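**Q** From Swiss-Prot, here are the annotated features:
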BINDING   Ser12, Gly13, Glu32, Thr39, Cys40, Lys48, Ala111, Asp312, Thr354, His485  FAD binding site
BINDING   Ser12, Arg19, Tyr95, Arg362  glutathione binding site
DISULFID  Cys40-Cys45  disulfide bond
BINDING   Ile187, Glu190, Arg207, Arg213, Gly272, Val384  NADP(+) binding site
ACT_SITE  His485  active site, proton acceptor
Amino acid sequence: MVYDLIVIGGGSGGMAAARRAARHNAKVALVEKSRLGGTCVNVGCVPKKIMFNAASVHDILENSRHYGFDTKFSFNLPLLVERRDKYIQRLNNIYRQNLSKDKVDLYEGTASFLSENRILIKGTKDNNNKDNGPLNEEILEGRNILIAVGNKPVFPPVKGIENTISSDEFFNIKESKKIGIVGSGYIAVELINVIKRLGIDSYIFARGNRILRKFDESVINVLENDMKKNNINIVTFADVVEIKKVSDKNLSIHLSDGRIYEHFDHVIYCVGRSPDTENLKLEKLNVETNNNYIVVDENQRTSVNNIYAVGDCCMVKKSKEIEDLNLLKLYNEERYLNKKENVTEDIFYNVQLTPVAINAGRLLADRLFLKKTRKTNYKLIPTVIFSHPPIGTIGLSEEAAIQIYGKENVKIYESKFTNLFFSVYDIEPELKEKTYLKLVCVGKDELIKGLHIIGLNADEIVQGFAVALKMNATKKDFDETIPIHPTAAEEFLTLQPWMK
């Protein structure tokens with residue numbers, strides 16, 4: 001039998017493509033070497049959000065006295081881990097049931113290419129023919145093959161790196177007194193904020209002068225201040241040269257400038273992730289790659305005509321003239337930011353977010369089997385950092401907007417205030433958690449090119465504003481909209497130039 005589509009990888013993008021294609025009456029096979037759901041379900045979005053929720057519950061309980069509650073509480077981490085993992089197992093089973101319901105053939109094992117139409121699966125069990133028992137190898141043939149293998153943690157060549165764990169293994173921790181995280185991206189920041197609120201002494205090590213360097217500086221300043229107030233230790237200019245194991249659950253972190261930090265139960269490395277493509281044998285087919293990422297065009301097609309890729313394992317190459325300089329932020333190519341003219345050379349970009357992979361997978365299936373033409377739109381994708389307090393952001397930072405459009409063409413509206421929720425807290429005003437928000441406007445019409453917020457419920461607030469920015473909302477549009485009171489979000493609709 002020849003499949004219409006073979007999907008390698010059962011994460012968000014692969015599942016979305018497989019199920020959508022099957023609903024278009026395509027004959028589909030999906031290959032997965034581990035648990036269904038990929039990074040998001042198993043070691044990413046879902047368990048992370050549950051831990052974020054636990055940390056948020058901690059904050060409410062700890063401060064409930066300000067609302068008149070006399071609350072004494074204790075925390076049972078092993079119990080939370082057990083309930084979290086049971087929920088994830090339930091999701092794994094739901095994913096399996098959904099594939100069966102949509103008549104997608106599931107194969108368990110590691111896939112590699114034999115040719116552009118054939119793959120070899122090792123260590124498999126065909127779940128649709130269980131009477132056959134376990135199979136050592138299986139060869140599948142498909143007219144189209146989609147690679148959706150996701151990514152995996154990166155471990156740099158640091159002495160003693162074998163003594164560390166990745167963000168994936170963080171979810172296995174059931175007890176710890178002191179944890180150090182090496183890295184300053186969104187995964188590191190989200191985890192360190194959770195760790196502290198679970199009663200664990202916390203250190204985060206950043207190579208540069210601040211965390212989350214690609215985000216708006218004003219927003220990150222607010223976050224860093226809150227983290228320091230909550231006794232999270234931020235170590236900057238931290239060039240780690242060794243992780244030394246002194247004894248069991250006693251690790252020390254050594255920096256190049258001689259600084260030493262000691263007595264860590266766990267050290268977690270969060271310095272990036274790379275595509276999980278090493279077992280695919282792409283070199284047999286001369287599939288184009290860039291820094292190990294599979295290169296695809298805007299239709300998700302690789303350099304081999306019938307092979308596609310979606311999600312965290314690929315990068316989109318845009319080689320035609322780029323007229324919308326606002327897109328440049330997405331390309332992670334800072335050298336382009338100071339260019340005012342159109343850019344014509346090849347640019348590669350990748351947005352590693354679950355909804356992006358799902359969207360790309362579904363639209364690919366629509367193009368392949370319904371002959372539709374819609375492509376994933378990478379412009380103005382909203383992003384949330386589940387820190388404490390959370391951050392919501394859309395579009396350009398103030399710094400990027402000035403570099404692209406010039407300072408004279410950029411107008412900033414911002415406000416910083418205490419959310420009403422914290423108004424009754426019986427503490428000094430400067431200790432109350434602040435909400436900070438900003439609009440980045442460009443041109444005489446004040447087109448909103450960036451929207452940023454940090455504060456309580458920012459993660460829920462930002463979604464609706466993403467629609468407005470996609471529809472080219474201006475500051476005038478915001479001004480003419482009647483706000484909901486009392487809310488934090490209403491501040492976006494009432495901002496004035498003098499507000500600071």
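Using N, Cα and C of the backbone, Cβ positions are placed for all residues, glycine too.
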**Q** Please compare the binding-site residues Ser12, Thr354 by how many other CB atoms fall within 10 Å of each one's CB, and tell me which has the fewest.
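**A** Least crowded of the binding-site residues Ser12, Thr354, by Cβ count within 10 Å, is Thr354.
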**Q** Just going by other Cβ atoms within 10 Å, which of the binding-site residues Ala111, Glu190, Gly272 has the emptiest spot?
**A** Gly272
**Q** Using C-alpha atoms only, work out the spacing between Arg362 (glutathione binding site) and Cys40 (FAD binding site) and round it to an integer in Å.
**A** 17
**Q** Out of these recorded positions, Arg19, Arg207, Arg213, Arg362, His485, which one has the fewest other C-beta atoms within 10 Å of its own C-beta?
**A** His485
**Q** From the recorded positions Ile187, Glu190, Gly272, His485, pick the residue whose C-alpha lies nearest to the C-alpha of Cys40 (FAD binding site).
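**A** Spatially nearest to Cys40 (FAD binding site) by Cα position is Ile187.
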**Q** Who sits close to Ile187 (NADP(+) binding site): which same-chain residues at least 6 apart have their Cβ under 8 Å from its Cβ?
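**A** Ile187 (NADP(+) binding site) has long-range Cβ partners Ser167, Cys270.
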**Q** Just give me the nearest neighbour of Ser12 (FAD binding site) among the recorded positions Arg19, Val384, His485, Cα to Cα.
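**A** The smallest Cα gap between Ser12 (FAD binding site) and any of the recorded positions is with Arg19.
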**Q** Between Val384 (NADP(+) binding site) and Glu32 (FAD binding site), what is the CA-CA distance rounded to a whole number of Å?
**A** 28
**Q** Return the member of Arg19, Cys45, Arg213, His485 nearest to Ala111 (FAD binding site) in space, with distance defined Cα to Cα and candidates limited to these recorded positions.
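**A** It is Arg19, whose Cα lies nearest.
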**Q** Cα-Cα, whole number of Å: Arg207 (NADP(+) binding site) versus Cys45 (disulfide bond)?
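**A** Just about 25 Å between their Cα atoms.
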**Q** Using only C-alpha positions, which one of Glu32, Gly272, His485 is spatially nearest Cys45 (disulfide bond)? These are the recorded positions in the record.
**A** Gly272
**Q** Express the distance between the Cα positions of Thr354 (FAD binding site) and Arg213 (NADP(+) binding site) as a whole number of Å.
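**A** Arg213 (NADP(+) binding site) has its Cα 22 Å from the Cα of Thr354 (FAD binding site).
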**Q** Under 8 Å between C-beta atoms and at least six apart in sequence, can you list the same-chain neighbours of Tyr95 (glutathione binding site), or say none if there are none?
**A** Gly10, Met15, Leu36, Gly37, Val41
